[in-house]
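Asks: Can you read through this structure? Questions will come right after.
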Ligand code: GDP
Ligand code: MG
């Protein structure tokens, strides 16, 4: 029987996982091993994927993947077999502990600690663990104010560092991406493994979620094999206690010879004790390492492989920093990274041929392939230890069950999700409006203040029009961005994001992606750059690449100011609706692009959809605020640097060259008007009117003849068919640095009445051609908004695409594709619109 045939609510036992490669490995590592109990909990609204409970946590699988897993409804042979194995393994551990004294077999190996790079009281500590085990929480809490922030998403994709002092020691904490194992299949796994091997942190803190200890400890078994100094943070201890279970972690810790410290990351409990243990381990000169017993058959093969290495000069692989036993185990497992390394050895041929023989042996004797055999043995080791120390779980959290029933409901699931998104955008737009007005007012006051108190001249123009006008135009959107991030932070921290991926999987599947891609896409609404980086969590390269290319069509918060400005100026009544429409259109383009790419450049099969669904957790105010602050400060920093520079450059291009002759001509015209007034030929009002007219003409002539005017005019012919004039063209051009700059440029270009600092909104609405017809007709506004939505992801995101795809070619492709498409769509809107209206 197949897992996919299991009815909702039924239980069964795993017999075997079919298939191959990354998918199979991941499934095994997630705990789908022989004899394990699995329960089908519920179907997504579109019947696919399906949520299963295994090893006390929840995971979602697609139907097409569940087909690959053979099950049996009877605990029968599968279960007994596995249990026997666990017991046998456990016996072996205890037996070997005594054996050690008798005949000296090396089950506990003693190892001299590697050279310490810092003889001072400085400890480098790497935080390692499964996704969602609480690494970042502990990191933030422990490193407090000293953190360097580089992490954006709920998904840590890069390492980030922070420092703290405790008991006279200086700790450097490194928050690593979450991984389920250290096999070399996903980029994160490779990253983490490389970090351990190459950076050699002094102590590794393995963060283990106590509420899913069995699966979390799998990673620990891999660390044990690497013989690195470890302390286990038994995090989420509160959840374990709430579920009414007890865990004799001291006994378990002594079994694996690793100190375990219970912690509650959320409340900071146990962190000082954890640091104490880290110091203890750091000070320790020698270590006793437990060896994971792999059972007689595998141990024999490992021994044979070790002997094979006798002929190899040890210095040749000493630089890998891997114990020989680890190398042999990984070779037998078929680990690609280790295979690659071994291929550089002169004896590689013998080693590989021996390895292949041993693999066949294992398969014959154990009736399962080496990968499963090793995974089973590791899980067996953990299960054996936990059986003695951890009491059985009674019930899955009612709260999670109830919420999931609602959130993933057949009929309610989607409406709820879209309602949430709608509330998010409404709040961003409406709520954000109030503080936005205050900031706008402040910027105006500041502008007028400076205007009134500075000497006429280029410097005044630079400060007022360049700096205050440019940066001020962008800073007013800070409240909107803070609100948007508040929502995203809440979604990520509560666990709802994973449910969104779960219910979206089937739809994402239609465009050739899977639910996991949905998370970077949603993040893209915040900022495309971290979103592009978050695509790293997608295992298959083709899906990763496609996701990366479509992320820029998600309206990032940098585009938000542009939308808000135009929406509040031209369609204030339907603000929320128009914005939602823009976001939706971006999504549509993304979907079409994904389909096209899947059919052409990236035809390869899709990734497995194996995703953990963490229990719902109420986010702490602190974590949400940190999250929000991280992102908002990122926005502010962007403004300090690039936007300020861009504003100044654009101001410069717009201010120069000055033309004294022309200025004099305008001055004399004004003088003439004044003279007329003095002679009482015209009234005060008439004088006012005429002067304004002349000033306006002066400004326009000046701008047209400035450098920027010339650049704008140069590209104008290409933009004319879209109804864009040269000012719009220049704004769009400058927006390539960052989309907010579109606005700051407009702030500089549309100077309006120079005597009074009006809001940009008014200035835009007043803008007209020489014949008095408005520049921003509804069609131009629509085309412009779409153009901003689609064209050229900012410089930073192009760099991110280059980094993630490792190719300038693909980055360039992304630029050309998006800009071309933007032009084409704005063209259609303007031309077809003109025909119809
Ligand atoms: P990471 O993926 O390992 O970095 O995990 P995070 O630090 O992002 O934490 C995942 C979730 O677990 C967040 O919602 C945290 O608020 C929550 N969390 C962290 N530590 C604890 C804890 O000790 N107890 C409980 N109940 N929740 C926690
Ligand atoms: Mg994290």
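Numbering starts at 1 and runs along the chain as it is shown here.
For all residues, glycine too, the Cβ spot is worked out from N, Cα and C.
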Asks: So which range, 367-390, 391-414, 415-438, 511-534, gets flagged transmembrane segment in TrEMBL?
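Replies: Here TrEMBL associates transmembrane segment with the stretch 511-534.
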Asks: Taking 275-305, 306-336, 461-491, 678-708 as the choices, which stretch does TrEMBL tie to transmembrane segment?
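Replies: Here TrEMBL associates transmembrane segment with the stretch 461-491.
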Asks: Translate the DSSP assignment of residue 143 (Mg(2+) binding site) into the three-state scheme.
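Replies: Note: residue 143 (Mg(2+) binding site) is helical by DSSP.
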Asks: Quick test of your reading of the structure: among the binding-site residues 135, 140, 143, 236, whose CB sits under 6 A from ligand 1?
Replies: 135, 236
Asks: Can you go through the binding-site residues 135, 177, 236 and pick out those with a C-beta less than 6 angstroms from ligand 2?
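Replies: By the Cβ criterion, which requires under 6 Å to ligand 2, the hits are 135.
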Asks: Grab the same-chain neighbours of the transmembrane segment (546-571) for me: Cβ-Cβ under 8 Å, and only residues 6 or more beyond its ends, written as numbers and ranges.
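Replies: Distal contacts: 428-429, 432-433, 436, 473-474, 476-477, 480-481, 484-485, 512-513, 517, 520-522, 524-528, 531-532, 535, 538, 578-579, 582-583, 586-587, 589-591, 593-594, 597-598, 602, 635, 738-740, 742-743, 746, 760-761, 764-765, 776, 778, 781, 784-785, 788-790, 793-794, 797, 801, 804-805, 810, 813-814, 817-818.
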Asks: Near the transmembrane segment (461-491), which residues from the same chain, at least 6 beyond its ends, have a CB less than 8 A from one of its CBs?
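Replies: Hits for the transmembrane segment (461-491): 420, 423-424, 427-429, 431-432, 434-436, 439-440, 443, 446-447, 450-451, 454, 497, 500, 522-523, 525-526, 557, 560-561, 564, 619, 623-624, 627-628, 631-632, 635-636, 639, 643-644, 646-648, 650-652, 655, 740-741, 743-748, 751, 760.
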Asks: Taking just the CA atoms, what is the gap between residue 236 (GTP binding site) and residue 140 (Mg(2+) binding site) in Å?
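Replies: That comes out at 16 Å between the alpha carbons.
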Asks: Taking residues 6+ outside the transmembrane segment (577-597), which of them lie with a CB under 8 Å of any CB in it?
Replies: 422, 425, 429, 511-513, 521, 525, 545-547, 549-551, 553-555, 563-564, 567, 571, 785-786, 789-790, 817, 821
